[in-house]
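Only one structure is covered here, and it is reproduced in the block below.
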Amino acid sequence: MHTLNSEKETKNFAKLFAQNLKPNDIVLLNGDLGAGKTFFCREIIKHFCGKNTNIISPTFNLLQIYKTPNFNIYHYDMYRIKSPEEIYELGFEEALNGNLILIEWSEIIKHLLTPPLIEVNLKILDNNKRLCSIKKENFLFDFL
């Protein structure tokens with residue numbers, strides 16, 4: 001578990017985390033509304049696509065795809081999904097072929113996913129302070 005005391009610390013932590021990701025990784029991001037899931041994803045995407053990449057939250061259209069030189073990043077937001085099967089209408093099977101997948105609000109579809117999965121859990125401690133834990137295959141994942 002890591003205590004992130006500011007937005008800057010969260011940004012740096014997400015950048016370090018991104019350095020450990022590769023194609024075929026599936027990252028599940030969980031936390032209450034406003035915990036920083038999209039913020040965390042934004043830093044991961046910038047790591048691979050460049051800091052000037054225009055990153056749009058997938059909250060309303062459920063999916064944003066970003067291209068890197070070697071793979072795509074599929075950024076899903078499941079907050080408004082009513083049925084787990086809806087993920088297949090969003091190109092999920094295609095996403096599984098050598099791409100990096102980021103899924104916010106993943107609880108509704110987690111049972112459909114095949115391990116290994118990387119789970120990022122963010123908890124609000126106060127205004128800009130967060131508690132972050134990362135698990136991979138039921139083990140705490142510490143890359144620092």
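Just so you know, glycine gets a Cβ as well, placed from its N, Cα and C.
Since this is a predicted model, take the numbers as computed values, not measurements.
Summarising the annotation, Swiss-Prot assigns ATP binding site to E7, G34, A35, G36, K37, T38, F39. Residues annotated as Mg(2+) binding site in Swiss-Prot: T38, E104.
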For the recorded ATP site formed by E7, G34, A35, G36, K37, T38, F39, name the remaining residues of the chain with Cβ within 8 Å of the site's Cβ center, in chain order. T10, G31, F40, L122, R130
Other than its own, how many Cβ atoms are within 10 Å of the Cβ belonging to G34 (ATP binding site)? 10
Can you count the other CB atoms that lie within 10 A of the CB of E7 (ATP binding site)? 14
Helix, strand or coil at K37 (ATP binding site), per DSSP? helix
Looking only at A35, G36, the binding-site residues on record, which one has the least crowded Cβ, with the fewest other Cβ atoms within 10 Å? A35
Between the binding-site residues E7, G34, A35, T38, F39, which lies closest to E104 (Mg(2+) binding site), Cα to Cα? T38
So how far apart do the ATP binders E7, G34, A35, G36, K37, T38, F39 get, largest Cα to Cα in Å? 13
Specify the count of other C-beta atoms within 10 Å of the C-beta of E104 (Mg(2+) binding site). 23
